[in-house]
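Visitor: Taken from Swiss-Prot, the feature ADP binding site applies to 153, 154, 155, 156, 157, 158, 159, 160, supported by sequence analysis.
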């Protein structure tokens, strides 16, 4: 019998979008498997009125408070109220900034313009996500040259989820299927400023994934899931990548995050060499 999780309130305040804060909060909360966090998120806290509204809710539902704010007056007010109602209040950037300051021997100068950098990063990721969705599975191939990364591979090699993951990190990503006897789009071969990477996996893994996919009536399902056919598709994909000098990543035993990490490393080298 599964025990019901205990709940607690997790308040996260930021003078920006709060995405870094949320990621940290959720990562830590997930370590406590017998507890369930009730999240209260307060982004774009820029003035005392906005902070006081958040504080009203914190007083009603006390819990752990995490924050990232530059304004010293707002930080002091938040810390004062949390101390008064006896709840933890943690500035998640403070120890990191202190470590940088200590190691570099240079005091930290927090700047308001850093907020604009955060906003620019947020919109860059939104733009990348829009591009990636538009260029999923070979769609909108006419402007592939705008992509930072183009993933190629046969069906069920994690091209789409990997593309979405990269887009959420601000990388414009397109993915193009490699299908035997189907010509590659000219726009793919002309994308000289994009890093093109082949994704492959074992025939066993691909067959297993394909068997769990409903493709509707009239589809040649046996051919699609047959390991011998899949092995031939993989040989074709490898030959294409070898022909054009595209690096290949085997995703058989990699998580999406691990695949993305390998892509980031390749992208860094690619940009250095340009």
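Sequential numbering from 1, following the chain as shown.
Just so it is clear, glycine is given a Cβ too, placed from its N, Cα and C backbone atoms.
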Visitor: Out of 155, 157, 158, 160, give me whichever of these binding-site residues has the highest number of other Cβ atoms within 10 Å.
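Guide: Answer by Cβ density within 10 Å: 157.
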Visitor: Please report the number of other Cβ atoms within 10 Å of the Cβ of residue 153 (ADP binding site).
Guide: 27
Visitor: Using DSSP, would you call residue 153 (ADP binding site) helix, strand or coil?
Guide: strand
Visitor: Around the recorded ADP site, report the further residues of that chain (criterion: Cβ within 8 Å of the mean position of the Cβ atoms of 153, 154, 155, 156, 157, 158, 159, 160; site residues excluded), sequence-ordered.
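Guide: Residues close to the ADP site, other than 153, 154, 155, 156, 157, 158, 159, 160: 175, 177, 199, 201, 206.
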Visitor: Tell me, how many other CB atoms lie within 10 A of the CB of residue 159 (ADP binding site), whichever protein chain they belong to?
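Guide: Taking every protein chain into account, the count is 27.
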